[in-house]
Every structure is written in C-alpha cells, then in structure tokens.
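As recorded in Swiss-Prot:
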ACT_SITE  SER102  active site, phosphoserine intermediate
BINDING   SER102, ASP244, ASP246, ASP248  Mg(2+) binding site
MOD_RES   SER102  phosphoserine
Amino acid sequence: MARKYFGTDGIRGKANIFPMTPDFAMKVGIAVGVLFRSKATSRRVVIGKDTRLSCYMLENALVAGFTAAGMDAFLLGPIPTPAVAMLCRSLRADIGVMISASHNAFYDNGIKLFGPDGFKLSDEKETKIEALLDSDISELPLANCEEIGRAKRVEGDIYRYIEYAKRTLPRDVRLDALRIVVDCANGATYKAAPRALWELGAEVIAINDEPNGFNINQECGSTDLTSLRNKVHEVRADVGIALDGDGDRVLMVDEKGQMIDGDQLIAVIAEHWHKTGRLHHKGIVTTVMSNLGLERFLSEKGLKLIRTDVGDRYVVDMMRQKKYNIGGESSGHIILSDFCTTGDGLVAALQVLACMKESQQPMSQLCKRFEPVPQILKNKVVHNKNVLQKSEVQAALTKASEHLGKEGRLLVRASGTEPVIRVMAEGDDRKAMTAIVDDLITLIARHDHD
C-alpha cells in the first residue's frame, strides 16, 4: 500500500509548505512520541539537524510535539545524520530524529527517524505513525501536566562523533603526508570532517565549510564536484572528498580531479576487506542503479552482488537479512555495518584513505578497480508520476527491455523524494543506450501532459 507522508527517506517537502510546516512537524513529534514512549524506558529523543534555514523552525516544532507527548528532547544541533544514529544508541534514546533533506537545496527539508537500535524505522512502524498523523490532534493522548518532557542541548556531541569515526581505523593508521581537500557542502559535516582528518594527521584544505542557512548543497558537495576538482588541482592535493548536506554520502576525486563514484569506492573497500578476511559471506549489497561493471568485477573474485530497490534503507534491510557488512549505492551512500547502521560519508572515506595508505598507490590507480559499463541516466520532471502506468509507456518499456536482453539493463523509476522519473539504460553500446533513454524520455514527456 502506498504511504501518504513517508517517502524512501522519511518525510520531505518544501519548507513552510505542507508537510514541512511547523504545525505538522509538531504533530509528527506528538505521534512519534506517543508511539515510542514507554514507562519502561527513559522516554528520550535525540534531535539533530543540518544547516538549512528552516531547521530552526522545524526543530522547535518537533520539540513542542515530543515534550507534549511526555518525552525529553536532547538537541544535538548541526550534526551529520550518521551521528544521530550513533548517538541514539549511545544516549539510550527511544527514537532519533534528523531534520534534513540530504542533498537537496536549502528550500527543501525533511524528517528522518531512527529507532533505538540506530536503524531507520521499518515500513510497519512508519505506517503506524501515518495512522496517528491522520487522526485528529485532539485525539492523540498527550502527557499529563506532571509528565511533560524537557528539552536540553547536548554539549560535545560533535566530538563524540569525531572520536567514533576515528575509531573505525586501526590505531596505527595515520594520514600523515596526505594533502586532502574536503568539500563539506556547507552542511552538517562542516565541523566534524575537517577536524577528524586533521586529527588523523592529514594536511586538510576545507572548502564550502561556511554554512549560512541558504548555501547548503549550492554548487558544492557530492552533487557538484566542480569546486572540489578545481581546488584539488590548485593545491595539488592527493585526494578530494565530497560530502553531501547531511553527511550520509560521499564521492571522491583523485589527484587528477577525476570523479570516483560510490561503486568504485565500494569495490575498493570490498576487495580490501575480502583480502584481509573481514568481508562477511563473500558478498555485498547494492541497488539496481549500481554499474554492471561492479557486478562483473566482484564475480571475477568469487563475490556475490545482491541488488535492491533504490534507497539506503532497502540496502540496509538486505544486509541485515543476508548478514553482509558492506552495502551502498553508486550515489555515495556506503553502509559499513561493522561500524554504522546507516550511510556515513566520513567513515567510508576513512576506509578508502586507509587502503590508499596501505597500498601506497595514488588515488587514480587505487580506485580504478573496474571499467564501468556505459550507463545513460536522465531525469524527467513530471506532473504525474503515474504516467509510467499508461499503456503506451508500458509497451515501450517492455520493448526496450526485450531489445537489451541479457546484454544490458533498463531501469525506469519514479523518485521517492522528488517529482522526477529517472530513466537509465546500461550496456556496452553507449550510442544505443543514449537513443533508448532519449526515446523513453520523449514518450514520458508527451504522456505526462495528456
């Protein structure tokens, strides 16, 4: 059954437009508080946020809702999403909340929820929350006046996260002699990432580390590598790291300024962990968007690749089911379950840097683990995502899939967070893949206005 408020990564929308309004955010706080409060627990919620302007508004609204439901709110301030997941466990909270729209522009915002185990909530839990959200607010059982919650700002939380990230490396691993440019996307990692790298011994040049509420993900971070590439060239850095607005994804560039996507980063970590006996069950989990070249590379090494729907929560679910400890997406969500319950851009980057130090290879050599199969991906903004269900569109999709056969892949899907349909064709013939994608985009555009 389609969900009303939750997408693939929480509740998301434009700030001050439903559902990202203060009144609805307060109701979310009440509903989640009612569902998770228990007399057997501390009735505690941790709330983090990124650096967009509307976070102040939504944070206060959520605090009002949670405290009205009888929960104490621990406010973390601007902090990466994986830090919220970690601190949810560390502070023994009943629920964790991250206010962020990830890689989106400042005018969007969202609410991500984590359970007491640090994992994102299940579909079943989100369905229960939606049922409460659809009820009248006067029907929700608020706390009595003696049990109203309190709000408290947590001191030093960012330094706890930095230590946690550093501890994912062996104590003898240092990053001395590495010149690293880190692009913080003017987002939640602007303090933690440069500091962690510096404490590990690297020479750090931080860019896009001055958030002002509006510039998060603005021509920077993992969605736009231009400024990172330019700075790497300018300072002759060994490597560049691009994080997104909430720090749960990472892309990198080598010393030549060439992009290293999530698939290549996963390949580096998986190969190293396999050689050192750390890879569980000889396999990894990715999504349907990961390149066929990665699958071929792993197969040659006797490793399995399991694909899921797009969304790191689905990757994590499959990892838990199969007991795998590496998973991720080509977009840069990389989940290393030995350390993390969700994607962590800083931790993933540290593992790659450790491989770089051990191999003594330049980044351009280390991260060329496989030759990507040509993959043409285009996005089409639509008014109605149900355009994919129209008979002529369905027929065209079937025909294109049959044409590709076993020599390629076709993926057409509606985004879970944006009014966009993504069309991807993958195969060894780039020209043919481009033609297939262009034809389908044209067809979708025509029927979107029918």
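Note that Cβ sites are derived from N, Cα and C of the backbone, with glycine treated the same way.
Neighbouring residues of the recorded Mg(2+) site, listed in sequence order and excluding SER102, ASP244, ASP246, ASP248, comprise ASP50, PRO80, THR81, SER100, HIS103, GLY187, ALA188, LEU243, GLY245, GLY247, ARG249, GLY343, GLY345 (Cβ within 8 Å of the Cβ centroid). In the three-state DSSP scheme, SER102 (active site, phosphoserine intermediate) is classed as coil. All protein chains shown were included, and the count of other CB atoms within 10 Å of the CB of ASP248 (Mg(2+) binding site) stands at 34. The binding-site residues under consideration are ASP244, ASP246. Their Cβ neighbour counts within 10 Å are lowest for ASP244. Counting every protein chain shown, the number of other Cβ atoms lying within 10 Å of the Cβ of the residue listed as 'active site, phosphoserine intermediate' is 29. In the three-state DSSP assignment, the secondary structure recorded for ASP246 (Mg(2+) binding site) is coil.
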